[in-house]
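Shown next, in C-alpha cells, is the structure this report addresses.
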Amino acid sequence: MTIKSDRWISRMAAEKGMIEPFQPGQVRADENGEKLISYGVSSYGYDVRCADEFKVFTNIHSATVDPKAFDERSFVDVKGEYCIIPPNSFALARTVEYFRIPRNVLTICLGKSTYARCGIIVNVTPLEPEWEGHVTLEFSNTTTLPAKIYAHEGVAQMLFFESDEVCETSYMDRGGKYQGQRGVTLPRA
C-alpha cells in the first residue's frame, strides 16, 4: 500500500468527487483574519471539518450502553458553532465533507494534534473501499473539565492508502450498513 499525495487527492476530488466540498489548500483563518483550526488538503492527507450537528452523550435515563440495542435517548442533540462535551464523556458529530472512496483505496482517520494536546481524542474507523457518506466522528473528552469542539473547523486528518491489488469484495458489494450515511449516524446492529 502506498500513501497518496496532495496531487492525487486533489485529482481524485476533481475527477471522481472523492471529497465534496473540497478545499484545495490549507485554510488557517476565516474571511475576517480570525485564526481557525486548519482544514483542507495537506501534503499527504486531507484535514476534515466538523459540521454544526452534534449528539452529546448523557446518562439521564440510566441506560446501559449496548451497541446491539443502542438507546437513542442517551444523546442530547446540539446544533451550533461549537459543542461543549462534559468531562469524561463523548459526543458524535459528522464531517462537512462527503466522501466517495475508490475501490482500491483504504482511508485512515487520525485526530489533529491541536485537539489531542487538549485531551480530546477523535475516533473514526477506516473508510473502506467503495464506502461513501458523511463520516461520523466520535470525540472523547478524557479530561476532568468540559471540552469545546468547533464546527466548520479542522478536527481530523484523512490519510489515503492505495492498494497494489483491487479488493475482491468492497464495502458497497457487502451492502455495508453505513453506506451512503448522511448526518450523524448512531450505531446499527
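Backbone N, Cα and C atoms are what each Cβ position is placed from, and that goes for glycine too.
Keep in mind it's a predicted model, so treat the numbers as computed, not measured.
A116 (dCTP binding site) has a Cβ environment of 13 other Cβ atoms inside 10 Å. Feature annotation from Swiss-Prot assigns dCTP binding site to K112, S113, T114, Y115, A116, R117, T136, L137, E138, Q157, Y171, Q181.
The annotation active site, proton donor/acceptor is assigned in Swiss-Prot to E138 on the grounds of sequence analysis. The local packing around E138 (dCTP binding site), expressed as other Cβ atoms within 10 Å of its Cβ over all shown chains, amounts to 15.
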Neighbour count (Cβ, 10 Å) for T136 (dCTP binding site): 20
Residues K112, S113, T114, Y115, A116, R117, T136, L137, E138, Q157, Y171, Q181 [recorded dCTP binders]: greatest CA to CA distance in Å: 33
Residues satisfying Cβ distance under 8 Å from K112 (dCTP binding site), sequence separation of at least 6: I37, S38, D47, V122, G154, V155, A156, Q157
All-chain count of other Cβ atoms within 10 Å of Y171 (dCTP binding site): 20
Assigned conformation of E138 (dCTP binding site) - DSSP reduced to three states: strand
Surrounding CB atoms that lie within 10 Å of the CB of T114 (dCTP binding site), all protein chains: 14
